[in-house]
């Protein structure tokens, strides 16, 4: 029995004892239902509460609105807001902010803007969270005049932009290629005493890298490291500037910073893709020695690189080390290994691994079935491939066009 179901059992006992649960108990149950993503049950319970004459307080409405918005049911949350107003309840700042944020995330920007103006007209003053939500919304559509308008309104009402507000604008400007404007905002942050964080730096660095402003990006890398913040090398990877990425990566260690596992994995992946597998292996060993600890994605990047660059034996040794080291390989790793085993004429071994997946609690997807079928067909094992295909049709997963094409080609090439 789940926590919420246990809660309902307790409520049942309250009724049996001749008492009535109050709105606080029902609100707690609503919160629990949303937490377990049981949206329909939450709506049903809320309707029963109101039908049975319970008076919902601001906290109950707030719980419903917040839960509906967070589960992507913003239109229902908006309707609830209208019902509140019809029932002479005054929605508070939290309720308005949740719906405005939900509408913006649902790309219903004009509706969010109208609600924003409506709340002001009704005497509810927006806070920094509300402003940040509406600014994120208009930024996502490149409505820069509206962004400026909201920032000015914010300042006129005495609401100071915080780090979240600045980061939203800087990120949006950089994605739109307006890095000069973003840098101006960076200076304004300093003027207003708002400290830059890793999100600020990474957004701007990524934007500068995308605009080929490598000198400016490198300056910010240095500044980040000087302040003890680990930079994100994504911009370098995307532009395939691996030498610059490696140089900055080494500087991070020199400055006493430990790059995170995502940065290390991205660098290993990038090196493998350009054939620099030996350097990728060195970096992998460095991770094992100094940290961070390689994760399943790191292993998969290096495995894929080793296989694609013809280092089959080394790849298999790495795979065995992974399995023996206690790190559980996911379905993506097994796809990589089984695919390359088949391509290296080790279909029997590949099939053993494939057959072992259910015992490892790994669900075989369409892609891995297709890989295995292709391997069997290449070896001329038509009956085995047909059996596997029949298994897909019977129990799933559903074959796709690639699966069908492989089956047809395999049988015609007999």
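From the backbone N, Cα and C atoms, a Cβ is placed for every residue, glycine too.
Taken from TrEMBL, the feature repeat 'PPR' covers 22-56 (among others). Confidence annotation: the repeat 'PPR' (22-56) carries a mean pLDDT of 86 in the model.
Per-class residue totals from DSSP over the repeat 'PPR' (57-91), listed helix then strand then coil: 26 helix, 0 strand, 9 coil. TrEMBL lists 57-91 (among others) with the feature repeat 'PPR'.
Long-range neighbours of the repeat 'PPR' (92-126) within the same chain, counting only residues 6 or more positions beyond its ends whose Cβ lies under 8 Å from a Cβ of the stretch, are 58, 61-62, 65-66, 68-70, 72, 74, 77-78, 81, 84, 133-134, 136-138, 140-141, 143, 146, 157, 159. Under the heading repeat 'PPR', TrEMBL lists 92-126 (among others).
According to TrEMBL, the repeat 'PPR' annotation covers 127-161 (among others). Same-chain neighbours of the repeat 'PPR' (127-161): 93, 96-97, 100-101, 103-104, 107, 109, 112-113, 116, 119, 168-169, 171-172, 176, 192, 194, counting only residues six or more beyond its ends whose CB sits under 8 Å from a CB of the stretch.
According to TrEMBL, the feature repeat 'PPR' maps to 162-196 (among others). Within the same chain, residues 128-129, 131-132, 135-136, 139-140, 142, 147, 151, 154, 203-204, 206-208, 210-211, 213, 216 sit at least 6 positions outside the repeat 'PPR' (162-196) and bring their C-beta atoms closer than 8 Å to a C-beta of that stretch.
Annotated repeat 'PPR' per TrEMBL: 197-231 (among others), in sequence order. Listed by sequence, the residues of this chain that lie at least six past the ends of the repeat 'PPR' (197-231) yet keep a Cβ under 8 A from its Cβ atoms are 163, 166-167, 170-171, 173-175, 177, 179, 182-183, 186, 189, 238-239, 241, 244, 248, 251-252, 255-260, 263.
Look at TrEMBL and you will find 260-294 (among others) tagged as repeat 'PPR'.
According to TrEMBL, the feature repeat 'PPR' maps to 295-329 (among others).
If you look up TrEMBL, you'll see 330-364 (among others) marked as repeat 'PPR'. DSSP states for the repeat 'PPR' (330-364), grouped as helix (H, G, I), strand (E, B) and coil, give 26 helix, 0 strand, 9 coil.
Annotation source TrEMBL lists repeat 'PPR' at 365-399 (among others). If you look at the repeat 'PPR' (365-399), the same-chain residues 6 or more away from its ends with a CB under 8 A from one of its CBs are 331, 334-335, 338-339, 341-343, 345, 347, 350-351, 354, 357, 406-407, 409-411, 413-414.
Taking H, G and I as helix, E and B as strand and the rest as coil, DSSP gives the repeat 'PPR' (197-231) the counts 26 helix, 0 strand, 9 coil.
The helix, strand and coil residue counts that DSSP assigns across the repeat 'PPR' (22-56) are 26 helix, 0 strand, 9 coil. Look at the repeat 'PPR' (162-196): DSSP puts its residues at 26 helix, 0 strand, 9 coil.
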